[in-house]
Amino acid sequence: NDSCEYLLSSGRFLGEKVWQPHSCMMHKYKISEAKNCLVDKHIAFIGDSRIRQLFYSFVKIINPQFKEEGNKHENIPFEDKTASVKVDFLWHPEVNGSMKQCIKVWTEDSIAKPHVIVAGAATWSIKIHNGSSEALSQYKMNITSIAPLLEKLAKTSDVYWVLQDPVYEDLLSENRKMITNEKIDAYNEAAVSILNSSTRNSKSNVKMFSVSKLIAQETIMESLDGLHLPESSRETSAMILMNVYCNKILKPVDGSCCQPRPPLTLIQKLAACFFTLCIIGYLIFYIIHRNAHRKNKPCTDLESGEEKKNIINTPVSSLEILLQSFCKLGLIMAYFYMCDRANLFMKENKFYTHSSFFIPIIYILVLGVFYNENTKETKVLNREQTDEWKGWMQLVILIYHISGASTFLPVYMHIRVLVAAYLFQTGYGHFSYFWIKGDFGIHRVCQVLFRLNFLVVVLCIVMDRPYQFYYFVPLVTVWFMVIYVTLALWPQIIQKKANGNCFWHFGLLLKLGFLLLFICFLAYSQGAFEKIFSLWPLSKCFELKGNVYEWWFRWRLDRYVVFHGMLFAFIYLALQKRQILSEGKGEPLFSNKISNFLLFISVVSFLTYSIWASSCKNKAECNELHPSVSVVQILAFILIRNIPGYARSVYSSFFAWFGKISLELFICQYHIWLAADTRGILVLIPGNPMLNIIVSTFIFVCVAHEISQITNDLAQIIIPKDNSSLLKRLACIAAFFCGLLILSSIQDKSKH
């Protein structure tokens with residue numbers, strides 16, 4: 001349905017001063033955005049003192065310094081010469097001949113018409129005529145004569161009739177006591193009936209601005225005189241007007257109200273054709289396989305009466321697995337598109353409360369503790385433990401996103417540590433693999449890159465989003481390549497070669513030192529960083545909104561943590577090789593004295609960091625310190641989790657299950673759990689937030705798990721172990737990406 005109609009007529013308060021329109025998201029316009037939208041535009045407000053209030057609030061979106069002063073019962077002009085925006089208030093407190101003449105002038109062809117007209121009046125008629133029935137009859141006659149003029153204007157301009165807000169009768173002064181809610185309802189009914197019936201065979205082009213009534217019902221008690229709304233309510237109504245007019249022009253991501261569905265790009269159409277062909281191909285395979293199975297059914301021996309079984313092994317071909325995987329992926333991508341590109345499902349704004357964040361956190365922690373099992377091995381950061389770590393971190397990040405907790409700075413700082421911890425694991429895990437295995441072959445690199453990037457590449461195509469939009473995957477991908485290049489470059493130093501030789505260990509530390517210098521150089525040389533990543537084709541991958549600043553900011557925010565992970569892995573593996581650590585089941589990692597001392601230091605460090613993060617007041621300053629100090633809490637957690645033998649011997653299977661699909665969960669949330677590219681919340685079941693979150697979460701987790709399986713299946717087929725076959729596949733993949741980049745460049749030029 002038309003979300004504009006819902007925006008103008010329905011909604012609810014999520015909290016104090018936070019209005020949620022029914023079915024769509026409302027954008028909060030900044031000064032620059034408002035001016036950009038309204039450049040060379042003329043907006044006219046016609047009516048009484050309530051319309052004047054709306055005029056002031058609307059103008060303050062463009063110019064917050066505009067003062068409410070001057071004679072109240074006269075016209076008030078406003079003009080912003082920098083944007084050529086003109087907003088006028090025309091004092092016409094009654095629907096009468098004077099208002100009709102003002103509107104009639106605009107209907108003449110020779111006169112410039114306002115682009116937006118906002119009109120409304122009634123309370124003066126009630127007040128002057130003491131609420132008489134004759135006044136209501138006259139009102140009906142006057143609005144009937146004005147209706148055709150408004151309808152004519154509505155063919156070329158946006159015309160809104162503001163219905164009258166309720167009053168708070170207890171606060172009304174004696175000379176306004178006749179303005180009752182019963183009278184206001186009667187006048188509103190008359191206006192709606194006449195204006196909606198002004199065209200015989202089609203829907204009226206004059207839009208009813210009735211949402212202010214709902215806003216007033218919740219806030220009129222805060223009125224100073226019982227008649228005029230408090231400033232916060234007026235600001236909400238003005239912002240709704242701005243959304244109605246500007247959303248279709250500027251198309252803000254978090255302003256889904258009044259936005260049409262974006263047209264399909266050429267790449268999206270080609271993707272749809274590809275998935276359709278895969279579905280048809282798989283169905284043909286399935287039918288052939290089913291018919292072959294029927295022919296090979298067991299037959300009955302006529303002499304013995306026993307069944308003879310025809311045992312025929314029919315191995316599943318790689319082509320069938322490929323088609324089946326792309327068939328399932330195509331259906332999943334159709335769901336992604338319907339959720340976050342087509343205007344099929346509703347979307348709502350986020351609204352943060354402490355309970356909406358902390359109650360789910362407590363709930364998942366209880367579940368995580370309840371489902372615990374013994375680990376297969378008791379080494380530091382064993383596989384079950386790292387899966388558990390990824391799992392609970394990912395669940396906390398998901399709750400952080402859906403609750404809108406980014407507005408609460410202490411929570412934001414702790415979430416930054418969780419993202420850093422994930423990158424720490426990247427440094428630790430990949431360094432450990434290359435150091436121990438010494439496998440620098442192209443197959444290993446391609447497997448990792450495929451598993452990291454497959455889903456994101458598909459989403460970039462289907463959802464028409466740049467690669468950098470899914471910032472975490474580019475971040476992990478680049479850091480993986482940095483780790484690989486650092487260790488693969490001559491001289492290749494691995495554990496077998498070093499074998500306790502201090503010279504080789506020193507050589508590796510020298511490599512890590514050069515890596516640290518390179519990181520520092522890029523971190524403090526924004527120009528050099530931007531020159532590197534602005535080169536084509538890197539620019540196509542790392543640019544967002546026409547520049548690489550966002551990528552530089554994301555990379556710089558956690559610039560040292562991967563290095564810290566590599567250094568920790570080196571120190572840990574060196575200590576393990578020298579048998580300094582006790583990693584037996586139930587044994588503390590060090591001697592009792594050292595273990596207790598390190599545990600005490602770790603707990604103090606962990607709490608100190610938490611106190612600092614919770615007391616953080618300035619986001620920019622805290623972000624500047626974060627890269628250097630985040631490792632403190634990460635190391636403290638690792639030691640607390642691994643020094644006691646009993647803690648190292650158990651893990652949460654609940655968290656570990658989510659940890660295995662953590663990457664898919666992080667990416668899928670963008671479009672099928674959250675909405676409008678993470679700015680809002682997807683609504684599958686309107687009117688019941690709790691049931692909606694249960695259903696959407698269930699589908700979201702199932703889809704993430706299925707995509708993980710599909711990625712694993714495709715990785716086995718697309719990335720073969722044979723080097724010659726792999727090189728041919730890589731040539732095909734390179735050709736595919738070249739074609740994709742060319743098509744993307746053509747699309748960008750056509751847009752501009």
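Cβ from N, Cα, C; glycine included.
Model confidence over the domain 'NXPE C-terminal' (19-90) stands at 92, taken as the mean pLDDT rounded to a whole number. Residues annotated as domain 'NXPE C-terminal' in TrEMBL: 19-90.
Residues annotated as domain 'Cas1p 10 TM acyl transferase' in TrEMBL: 251-730.
The annotation transmembrane segment is assigned in TrEMBL to 266-288 (among others). When Cβ-Cβ distances below 8 Å are used as the criterion, the transmembrane segment (266-288) is approached by residues 319-320, 323-324, 326-327, 329-331, 333-334, 461-462, 464, 740, 743-744, 746-747 of the same chain, each at least six residues removed from its ends.
The annotation transmembrane segment is assigned in TrEMBL to 318-338 (among others).
According to TrEMBL, the transmembrane segment annotation covers 350-371 (among others).
Long-range contacts of the transmembrane segment (392-413) within the same chain, counting only residues at least 6 positions beyond its ends with a Cβ under 8 Å from a Cβ of the stretch, are 350-354, 356-357, 360-361, 364-365, 368, 419, 421-422, 613-617, 619, 622, 626, 652, 655, 658-659, 662, 665-666, 669, 673-674, 678, 681, 693. Annotated transmembrane segment per TrEMBL: 392-413 (among others), in sequence order.
Here TrEMBL flags 448-464 (among others) as transmembrane segment.
Marked as transmembrane segment by TrEMBL: 470-490 (among others).
If you look up TrEMBL, you'll see 502-524 (among others) marked as transmembrane segment. Outside the transmembrane segment (502-524), and at least 6 residues removed from its termini, the chain residues within Cβ reach (under 8 Å) are 482, 486-487, 489, 491, 493, 532, 555-556, 559-560, 563, 566-567, 570, 574, 627.
The transmembrane segment annotation in TrEMBL covers 557-575 (among others).
The transmembrane segment annotation in TrEMBL covers 596-613 (among others).
Summarising the annotation, TrEMBL assigns transmembrane segment to 655-675 (among others).
When Cβ-Cβ distances below 8 Å are used as the criterion, the transmembrane segment (681-705) is approached by residues 22-23, 332, 335, 339-340, 345-350, 402, 661, 664-665, 668-669, 672-675 of the same chain, each at least six residues removed from its ends. What TrEMBL records for 681-705 (among others) is transmembrane segment.
Summarising the annotation, TrEMBL assigns transmembrane segment to 726-746 (among others).
Counting only same-chain residues 6+ beyond the ends of the transmembrane segment (448-464), those with a CB under 8 A from a CB of the stretch are 262, 265, 267-268, 271, 329, 333, 336-337, 340-341, 430, 470, 473, 476-477, 480, 663-664, 667-668, 670-671, 707, 711-712, 714-715, 718-719, 740. Across the domain 'NXPE C-terminal' (19-90), DSSP classifies residues as 21 helix, 20 strand, 31 coil.
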